[in-house]
Amino acid sequence: MDDRMISKNRVVYADVLKIFASFSVVFLHVAAGGWGSADIVSYEWKVFNIYDSMLRFGVPVFVMASGMFLLRPVKNISIGDIYKKYIPRIVICFLSWSFLYAIYPVVSGKMQFEQEKFLREFIFGHYHMWYLYMIVGLYIITPILRKIVQDKKSSEYFIILSVVFAFVLPFAAKVFQLKDFEMFVRKFEVSMVLGYSGYFVLGYYMDTYELKSAARKIIYAAGIIGVAATAVFTSMTSLKSGKADGMFYSYLSPNVLVCSMAVFVFFRYSVSKINFGTKSLRAAGVLSACSFRIYLVHDFFNMFLYEWGISAMNYNPAISVPVIAALVFAMSFITSYIIGKIPFLNKIL
């Protein structure tokens, strides 16, 4: 860790990484709105597809950054801490934001109150709030994962199992429509390494252990190929099915995995070498601290802009997507920063 830029116990590259990841998620969701509605043979859809393919790493990188910090042996986290501190904080946050997203269509006059629909939206959350359910799941197994990562070989074994059983085999079965093979793989019931736990452990591993230059170059090359493969195969499968097909957009696909690894490695080994000034460090710390809340609030601004007629579909998406994304990100940050300064609200939102 000596080669990384650290300021007042903050890992600066991780702050910048979280900012970049939060902006990529905002950017992705702006592009995704057009991707799902544009004609798949149109210029607009192709632009949306390229943007979407480039930005799949946002959520995986968030998970990797979480694992990087929560799995550190120097960080004292007991099982009690998980259930008394970490999980309650996420649950309260989920309930608060879920209520706001569920009640918004009613108070805005877009729909009448229907108890069943409201409760369903409140319990399951807005489309992007699945992330909080997933994080709670990772918190639950964090004490076990912390034991595993104490040994480098055990960490590597866990990562290999995760890549094989969570990324490669299930995705191959889906792509080639091998239902019997998929059922065969599931029979092994290696649940611990499934889902996002692989990203969680991988973030800790790549932050803790040095990767040789050759390994980094391979990861970079794989990441570039992964982005290209995502765009090309998404276009091919969409044209074949006659509608937008997001199979290759899956966060648990090999192509998104290598892209996410490449982004993490770039920040770990390149951005970490940048000598940021005091003001830049302070700004990075503030933005990074707001990144989680930015993720939660940003879709309100997506909806507001859409209702005001500001949509990427109404302009050239090559320009409108990044411009709207920057606008949404800025408004989300300002809102997040203000909430963070208000007592009580900063505890529940």
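Backbone N, Cα and C define each Cβ position, glycine as well.
Note that TrEMBL annotation is computational and uncurated.
Here's what TrEMBL has on this protein:
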type	residues	note
DOMAIN	12-339	domain 'Acyltransferase 3'
TRANSMEM	12-35	transmembrane segment
TRANSMEM	55-74	transmembrane segment
TRANSMEM	86-107	transmembrane segment
TRANSMEM	127-145	transmembrane segment
TRANSMEM	157-176	transmembrane segment
TRANSMEM	188-206	transmembrane segment
TRANSMEM	218-236	transmembrane segment
TRANSMEM	248-269	transmembrane segment
TRANSMEM	281-298	transmembrane segment
TRANSMEM	318-339	transmembrane segment
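Highest Cβ pair count under 8 Å relative to the transmembrane segment (248-269), across stretches 55-74, 127-145, 157-176, 188-206: 55-74. Under the criterion of 3 or more C-beta pairs below 8 Å, with sequence separation of 6 or more, the transmembrane segment (318-339) and the transmembrane segment (12-35) qualify as touching. Confidence for the domain 'Acyltransferase 3' (12-339), expressed as mean pLDDT, is 95.
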